[in-house]
Structures are given as structure tokens and as C-alpha cells.
């Protein structure tokens, strides 16, 4: 009887150990899968303006398109890349934002090439201030003055603030949209991917308990952008 009881307890222990191990693997796998989905959507988001820039290149003019969204996104992607590098286990954040840095740099270069003199001057000033001056200052201070969790928290906080700017940057063309009663200069695909991307990364942030990423990815800021297409 004792032998049977011991065997039963041993089998039960083995079963629950396997179940616990399997559950742990599933819990670790889920954030990775969601993160990969987020990476794919983010890449599509970064590629969304390709159609816009094809038009700019063909017409050899930036027309009424605004460079601010690309400048803000470049700064934002640069900081999130750094955040993903310094925070353990956040490589999915750094890889996709690294791609974003490359994409936005190309967009800004094309914008500068085909913009008129006034727009080119404004773009150079904005890019110089945000993407060179402010970014370099933040990275130098973080690298040589801040350490450990403090560095991660400061960069996470700044990245979150800039993400709000990134999500709000398409509002810069709303004046044009209202005046012309057309969403031609507010690309639907870009606005849609902003919204979808925010939702997926919010879920990922909850799964990995990264509240900086969660707050910054809140998709509600762009809902009304999608609604605009019902009116114009």
C-alpha cells in the first residue's frame, strides 16, 4: 500500500511539474509571438509612406506633405533603439526601431532633395535640433552620467513622451485636411498602421510588464484620425 501511495504521489508530482513547466514555456512564448507580430506591423508602418515618397519623387515636389512626422519618428525610433539595447530582454524593441531609424533617415533625405527652399530650410533646422542636437545630448548624458535602472527609467520616460509626439505628429496636416476637405495629405495607411501598431505593442507591454512601452503605445490617440475618413 505504501509503495502504491508513493508511486501515485511521485506520478502526481511529475505531472504537475510537467504541467507547470509547460505553462511557463507558454507564458514565455506568448510575449515573444506578440512581439514578433508587433515587429511585422511596425515594419509595415515604417514602410507605409513609400507610396507618398514615390509620388514625391515622380513629381519632384513635396507639395503639401509635412516633414514633421518623419523627423519626430526618427528621434523616437532612435531613443527606443537605445532603450531596447540597455534594457535586458528588450531586443525586439531595439531591432524594429533600428529598422525605423534607417527608413526615416531615407525619407527625410528624399524630402530634403525635393522640398522647396523654404521647406528644406525648415526641415534642416528641425532635423538638426531634434535628430542631432537633442538626441546627441540625451545619449551622452545617459551614457556617461546615468547608470543601471536610473538610465533605463530616464530613457523610457523620454521615449514615452516622444512617442506621444510621434502619434500626434500627423495632426500637423489636419489644417490642410479641413481646408481642402480631403484626406489626400494625411495618408490613411500610415494612420491605420499607427493605430494597429499601438494596440499590439500595448498587449506586448502588458505581457512583459513594461509600462513605459505600454503607455507610449496607447492607440486611442489616433482613433479620431481614422474617423476623419468618414467625413472627408
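Residue numbers in this text run from 1 along the chain shown.
Backbone N, Cα and C atoms are what each Cβ position is placed from, and that goes for glycine too.
If you look up TrEMBL, you'll see 29-48, 68-85, 91-112, 124-146, 152-173, 185-207 marked as transmembrane segment.
No contact links the transmembrane segment (124-146) to the transmembrane segment (29-48), because fewer than 3 Cβ pairs that are 6 or more residues apart lie under 8 A. Same-chain residues lying 6+ beyond the ends of the transmembrane segment (29-48) with a Cβ under 8 Å from its Cβ atoms: 92, 95-97, 99-100, 103-104, 187, 189-190, 193-194, 196-197, 200-201, 203-204, 207-208.
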